[in-house]
Structure formats: C-alpha cells, structure tokens
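Input: a single structure, listed below in structure tokens.
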Amino acid sequence: MNQQRGRRFKSAKEAAALEKQARDKGETLPTEERFDSNCISPGTEFMARLQDQLEQFVATKVSTDPLWQGINVYLSGHQTPGEGEHKVMDFIRTQRSQPGYDPNTRHCLYGLDADLIMLGICSHEPHFALLREEIVYGKRQTNKRMNVPEEITFHLLHISLLREYLELEFQDVKKAITFDFEMDSIIDDWVLMCFLVGNDFIPHLPNLHIAHNALPVLYKAYIDVLPSLQVQLYKTTPIPAGYINESGRLNLERFEKFLTRLSQFDYEKFTDVQADQKFMESKREQAEAPNGIVQQNGASPTEKEKTRDPDEKRLLEKFGHLDIPDYDSDDDSEDLFEMEFRQHKRDYYVNKLDYKDVNPEVMKEQAHGYVRAIQWNLHYYYNGVQSWNWYYPHHYSPYISDIKDFQNLDMSFDMGKPFLPFQQLMAILPSASKKLVPNAYQDLMVCESSPILDYYPENFNTDLNGKQHEWEAVVLIPFIEEARLLPAMEECQQRLTEEEKARNGHSGHLLFTYSPEAQPALVFKGHTRLLPQVQVNHAKVTVLDMDAFRLPVSQIRKGLIEGIKLDVYFPGFPTFKHLNYSASLKKESIKVFQALTRNESMVIKLENRDERTLTHISTELLGKSVYVCWPHLLEALVVSVSTRDERHSMELRRHGKSDNVIVQRLTRDDQEVFDMQVDGIKER
C-alpha cells in the first residue's frame, strides 16, 4: 500500500508540473477536467462503474457466446480485498491443492508487471505462460487511434523455459554439493534472491541494482555458500538439505550464512567508493596547493580533526599525550579501513534513515525488521496474505553486513484486517486527488486542523538512490499509521451518503456459469450502459466468500505435483529438452526493449541444425495449413518457402492450387528484403 501511495503522489506531482510548464509556455489547456489516473483505485466511482460494466460484459458473453459456455468465469472486483495478481495466485493454489487436480494444467496470465514472473515461477506450475504487450520506449505516440488486438505485438514469456535457463545458470553447483540437486528448491532460493534487489514491499539492499549487475553478484555468493549448508532437523522433521527458502519458510540459520558471504559485496563497494573519494581529494588538494605541490602526508591536522569518529576523538583526548611510535602495518591499515567503513555506514543511517544515534539497539531493529520483511514477502508469494497490517517502515534497507544475529527471531505475524475501500483511498491518494474520495473525508487532506494533514504533503523529495530512471526513485513521504488514520476517518463517517456507504464495503468473488434455463435479469446500477441489454440472461451468478481461495498454510500443496510431465512437448509450451545444444555465459549484444544488453547473458547454441535441403522442406510444407501470429493463432496457407538465394513457390491458379512448384533465384532486391525480414525476426 505504501508503494501505491508513493506512485500516486509522484503521479499527481508530475501532472501538476506538466500543467505549470504548459501555462508558462503560453499553451492553451483543455477546458474539460483532466483524467486523474489515480481513480484506478478501490472504492472510487470510476471503479464502481467499471465493476458494473464488467459484470454486464461477462453476463453478455456467457449468455450469447458458445466459447464462454461450459466454463467457469470468476470476477473478483475492486471491493474484494487483495491485489489482482495475488488473487489469481490464491485461486491457483486452491485449485492445485484439491484432490484430482491435473498436474499438467496449463495457465496463461496477462499483464505487464514483472512481478508476475516471480508469482508464475514460485507456483511450481511449469506449464505457465505470461502474455504481455510489447513495450516501446523513447517514441512519442503520434497516432492516437487505439490499436485493435491484431495490430498489437505481444510477447509470451514461458515459465517452462525460464526454469530451464535457471538450471543452466546454476549448473556449476551440481558437482559442488553433497546433497541432492533439487531444481525447484533452487528456484525457491532464486525467488528469495530476487527479493534482495527490491520489490513493491521492500527496498533493495544498498548498491544492489539489477542494472548494475546485481544478479551475478547474488548468484556467485549463493553458489559459493550452498555447498556449506547441511541437512537440518526442524521440530524433528527433516527439511530439504541445503536450501534457504523452504517453500515460503525462511531458514534463518542458512539465510544468515548466505548474507555473511554476500556482505563481502559491502566491503568491495566501499573500497570502490573510498578509491574514488581519495582520487577526488587528491585532485582538489593539487588544485588548491601553492605551486601545485601537495603534502604527501595526507590531510591537514584540522581536516583530520573534522572527519574523526567521536570514539577516536575520545581516545585521542585520553591518550594523545603519549608518545606512541607510528607503525605502518597491515593491521593498522585494516583497522583504519574498518573504522572508515563503520563511519560510512553510520552516515547512511543518519542521513538516509534519520536516526539521531546509531547504537546497537538501532542496528538490531534494522536487522530484525529486514529479515521479518523477507519472511512476510515469502509468505505473500507462497502462502497468500499472512498479515494485512504489516508494512516495512523504512524507505531504505540496512547494509548487508549489518543484517546478522537473527537466528532466534520470532517470525509470527498478526493477520489483522484489510482496509475498507475508503480507508485505502485515504491511505494512498494525495490531496491533489481529493475529489476521488467522498466529501466527508476531503477536509482531512487539506485543512490545517486535520489531525493527519502531515500524511498529504504537496511538496516532497525523491531520491534515485542509485537507480537510473526517475520512475524508480524513492518517494520520501510519511508512512501511513493505521492507529492515526482510522480514528480520524471515524469522526467523518456519519456524513457519508447511502451510495457511498454501499461503495465502502467488501464483497465476495462472482462466479458466472452458463445455465440453459433463463436466469433473472442482472440489476444494472444506473450507470451509462455500454453494452446492449441481454434479451434473455443465461448467466447464473454465484457469490463466493471473499476468503474462498485463501487456504491455511498447512493445506497448501507445495512444489511439483506427482504426475507432472516436464520433458514432454505441450503445444505452446516449448522446452530445450529435445534439442542438442550448448549453453554459456557471454557478453552478447542482445536487444531487449529496443536497447542492447551490456552484461553477460546465457547464450544457447543449437548443434546439428536442420540440414535438410530446401526442396525437402518445401515438399513438406507447401500447400499445408499452419498457424501463425501467436498468440492469436491465425490459420494460414504456406505458398512459398525461401532461403536467401532461392524461393520455392506453389503455383496458384484461378480455381485453386496446382501441384507445380515454381523455383526462382532471388534477385539482389529480393535478397535485401529477405535480410530485412530475417533481421526483424531476430530483433523480436
């Protein structure tokens, strides 16, 4: 929720800045009110209208379209608590935990959120695909006509292939461990490692950025430490040997060993920072020194005094009068480095996390809070919500080297209750979007007398914090405290209208099924109708409890299900298992989202490529029906097959095709067209 809050505040601030910029340029602004995208939030009038239209749409399709009949259609709207993609995963977990579930069920989830990759792979349902539209960066959309689906380029990400790529990524560890190599346990640990670079619920660890090659750093630490992790007993029950994330339960002892190894990264990064600082200091001293001559014995006494650690100052006051020889030893250098590193981290906690005093209690709170955040995330992804009111109370994470001594940490959570729709609106919306909340609450966002006015700052800072893009910046606004927000709202509740009260409640999931018998007409709530009235309603609607798909952790079936077929080719779900190939990590220029990759990629090289002749292939394909334009699967007739030098075409006549094959040599112009088509396929 705090992540949603940050995004919406930033969106409102950017919209206001663009309006001001346009006015300053003398541009004429539209007279109609600007569409506020923040209305796409639970509890708004917009979402209530959308819910009505969706119910009408589903009922129409079930009543009139044979393809929608004989299946179950679930609609989980904005008044059913939970994030959309996590409600889908709750449903999948419930289905796969039922007796008789087909382990080879195929799933397709539509959405642009990269978080769907984590959800898909941690489901341990290999026959899982993510459908998403192509993302085009750096181009202004000049044509405002909405594209029809056939004109949109879709990408399909196969979780089955991602699993196989990850197995290649961690193949070196197979020979190093003494326990069984379990790919699904490796996948669980990979999900855990991905949390360390940040997600919607927890900030990234300092200096760990995907764009700055963080994943190889994590992989290297994991591969180094995994062989040292041994089989353990947990409450007399053996747990899988060596793995850190045990199907959503964090093994604290192993996690601490992993972080201890990963903490070397903190020291390496500080070494780089220190080298850069000393280089810049030497440049500055050289520029400021008379005649360009710099003293070689370091900083002046006054400069040293300014930068000294308070503990060091106290030692100097106590023992500074002693005549102690100056030994230039490695131990002294290491002690100095460690002291400077501690000071560097202390500055981080003071300046970034606003601690006045960085003491052992603060560091314990930071370590324990972060580890509990990781466990909450694991629960959320593997077991569903285990606490509605938990949140990570900091904009920044602690240093890796400070996350320690947590093996006996209590990892239980209070379930709490989900916010009502208006409570969520007041928690996530800025004052610029106050029209989206009922009038009864608007004064709380803008009036000086409001007890929660500080929750709605109009001016606030953002911090890139090592990221590259402005949309990745940390939004520095206060976190919402339930204990302050809810009492303030309670005083205004009696002024809500009946319509608003109806919007401010939770509701269950809707199940639509086809019924041959006519059903009562759906009650349409008076909004503008966008679809024609269904003459005879055949959609039976069943209301399911909002917790219908939330199972106790003990009832959730974890890991791969017996009977699953991993090495069988399912149409639309490819695999490397039947190909002869080699794989290696290389720096190759691979185009992703119109940009070339800079770091190493796992490169697959196919061996013994198809060596059949063009004549053989054309004989096999010409005149046959194939399906193209995935995922639409349009039926097409193969009329020609071509290489760069030669084309075999089927002779077409007025009354149909002929068995004659026309063989043509490609001209230079034809070859250029062929090359462009090949390049287009490679770039996709």
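The backbone N, Cα and C atoms fix where each Cβ goes, and this holds for glycine too.
Proximity of distant same-chain residues to the compositional bias 'Basic residues' (1-10), defined by a Cβ-Cβ separation under 8 Å and at least 6 residues beyond the stretch ends, is recorded for 38, 41, 200-201, 391-392, 419, 424, 427-430, 433, 457, 460, 462, 471, 473-475, 477, 479-480. Residues or ranges marked as compositional bias 'Basic residues' in TrEMBL: 1-10.
The feature compositional bias 'Basic and acidic residues' is assigned by TrEMBL to 11-36 (among others). With a threshold of 8 Å between CB atoms, the same-chain residues lying at least 6 positions outside the compositional bias 'Basic and acidic residues' (11-36) that come near it are 430, 432-433, 435-436, 458, 460.
According to TrEMBL, the compositional bias 'Basic and acidic residues' annotation covers 302-311 (among others).
On the 0 to 100 pLDDT scale, the model's mean across the domain 'Xrn1 N-terminal' (1-134) is 93. Per TrEMBL, the feature domain 'Xrn1 N-terminal' maps to 1-134.
What TrEMBL lists as domain '5'-3' exoribonuclease 1 D1' is 559-682.
Secondary structure of the region 'Disordered' (1-37) per DSSP, as helix, strand and coil residue counts: 24 helix, 0 strand, 13 coil. Annotation comment: TrEMBL describes 1-37 (among others) as region 'Disordered'.
Among the features that TrEMBL reports, region 'Disordered' is placed at 281-311 (among others).
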